[in-house]
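Here you go, one structure.
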Amino acid sequence: MEMRICLLAGDGIGPEIMEQGVRVLETVAGKFGHDMEFTDALIGGAAIDETGDPLPQETVEACKAAQAVLLGAVGGPRWDNLTGAERPEAGLLGIRKALGLFANLRPAKLFPELASACFLRPDIVANGIDVMVVRELTGGIYFGTPAGEETRDGLRTAFNTMVYNEEEVRRIARVAFEAARKRSGRVCSVDKANVLAVSRLWREIVTATHADEFPDVELSHMYVDNAAMQLVRDPSQFDVIVTGNLFGDILSDEASVITGSIGMLPSASLGAGGPGLFEPIHGSAPDIAGQNKANPLATILSTAMMLRHSFGLEKEAEAVEGAVQQVLKAGYRTGDIMDQGGTLVGCNTMGNLVNERI
């Protein structure tokens, strides 16, 4: 298979972890007989320094010409004096919009070898944590209108509007059901249908989409307040969670932090037919940039998500994930996941160790 991939290294540790991600992709290409073409482009602070714009038009065009986009990290204190659309983070928001990415897939998996990092009770951890939160990215209360502030009865009053139409719900539901087919085949749709009209429509459309298109997948529904509790009470009950923008923002962060190893977690943002964007959920860590201390595993696991979701290469994705697990089982650790008895290695060595096991 021929693959065109755009690389957005970004800022801080971005170039270091990107290097390891690319090496893994090159190893996969060599061992499985694929051809990969890489294009580099600027985003975030690096783009500001070079062009004055956190998202140059050339970057947008390069991403649109690719089949998938791999992102390192964006932002850092050297650009803290900038505001709004001038900030590095505006580049990330801009590329998501330019590519029409409406679905964010964030897996929260606890590797057994890192169980000691999890703050949940040992009996809960023993059941395993492997949750995928599918969050709608472009609708809901963050983008609904009207929104703003005005004076009512002499009082400052602010307001936002939560809005979803049936097609927005249907397309995110399809992403969740398709993801579940690649996993354990279970979807839990999270809403607040006992209070919100928008959630009642959400539940109705998710249920209909399940019946019409995905009867082989198990579907359940849960109110968001209960879901937030159940995630810490027994995360093993969940496979794929699908929910709207606001609830997904909260639940995906909750799901990621309960693993205790945020430096291990990848993510994917997908649209309708165009290139997907794959990135680690951690930040740019400027305090350790250029010191060979960064953990590249979240980026490497993001390449596995790319292979699976952009190219349909399940065997190759599993090979990458299996290699990561073997390295952890052998006791190798970067500083952020170091535990008693582990062997401390740097970013480059960790990448080498994974490559050797693919």
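Here the Cβ of each residue, glycine as well, is placed from N, Cα and C on the backbone.
Sequence annotations record features per position, and here Swiss-Prot assigns NAD(+) binding site to 76-89, 283-295 based on sequence analysis. Feature annotation from Swiss-Prot assigns substrate binding site to ARG96, ARG106, ARG135, ASP225; the stated evidence is sequence analysis. Per Swiss-Prot, the feature site 'Important for catalysis' maps to TYR142, LYS192. The Mg(2+) binding site annotation in Swiss-Prot covers ASP225, ASP249, ASP253 and is backed by sequence analysis.
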Tell me the coarse DSSP state (helix, strand, coil) of ASP80 (NAD(+) binding site).
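Looking at the DSSP assignment, ASP80 (NAD(+) binding site) belongs to neither helix nor strand, so coil.
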Cβ neighbours within 10 Å, counted over all protein chains: which one of the binding-site residues ARG96, ARG106, ARG135, LYS293 has the most?
ARG135
Which of these binding-site residues has the least crowded Cβ, counting other Cβ atoms within 10 Å: GLY76, GLY84, ALA289?
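Relative to the other binding-site residues in GLY76, GLY84, ALA289, GLY84 has the fewest Cβ atoms within 10 Å.
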So, three-state DSSP: helix, strand or coil for LYS192 (site 'Important for catalysis')?
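DSSP assigns LYS192 (site 'Important for catalysis') to coil.
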Measuring C-alpha to C-alpha, could you say which of the binding-site residues GLY84, ASP249, ALA285, LYS293 are within 10 Å of ASP225 (substrate binding site)?
none
Around ARG106 (substrate binding site), which of the listed recorded positions (GLY76, ASP80, TYR142, LYS192, ASP253) come within 10 Å, judging by Cα atoms?
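Checking Cα-Cα distances against ARG106 (substrate binding site), the recorded positions within 10 Å turn out to be ASP253.
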In the same chain, outside ASP225, ASP249, ASP253, whose C-beta lies within 8 angstroms of the Cβ mean position for the Mg(2+) site?
VAL224, ALA228, LEU246, PHE247, GLY248, ILE250, LEU251, SER252, GLU254
Between ASP80 (NAD(+) binding site) and ARG96 (substrate binding site), how many Å separate their Cα atoms?
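Computed Cα spacing between ASP80 (NAD(+) binding site) and ARG96 (substrate binding site) is 22 Å.
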On a count of neighbouring CB atoms within 10 A, which of the binding-site residues ASP80, ASP249 is highest?
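Within the set of binding-site residues, the most crowded position is ASP249.
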Out of ARG135, TYR142, LYS192, the recorded positions in the record, which is closest to ALA285 (NAD(+) binding site) when you go by Cα distance?
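It is ARG135, whose Cα lies nearest.
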Find the one among the binding-site residues GLY84, PRO88, ARG135 whose C-alpha lies closest to that of TYR142 (site 'Important for catalysis').
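Going through GLY84, PRO88, ARG135 one by one, the Cα closest to that of TYR142 (site 'Important for catalysis') is ARG135.
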Give me the long-range Cβ neighbours of PRO88 (NAD(+) binding site): same chain, 6+ apart, Cβ under 8 Å, in sequence order.
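Listed in sequence order: GLY10, ASP11, ILE43, GLY44, GLY45, ALA47, ILE48, PRO54, VAL74, GLY75, GLY76, TRP79, LEU82.
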Which of the three DSSP states, helix, strand or coil, fits ASP225 (substrate binding site)?
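Reduced to three states, the DSSP call for ASP225 (substrate binding site) is helix.
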Quick check for the class: what is the C-alpha distance, in angstrom and rounded, between ASP253 (Mg(2+) binding site) and ARG135 (substrate binding site)?
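Here the two Cα atoms lie 11 Å apart.
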So if I measure Cβ to Cβ from LYS192 (site 'Important for catalysis') and keep only same-chain residues at least 6 apart in sequence, which ones fall under 8 Å?
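SER199, TYR223, VAL224, ASP225, PHE247 - these are the non-local Cβ neighbours of LYS192 (site 'Important for catalysis'), listed in sequence order.
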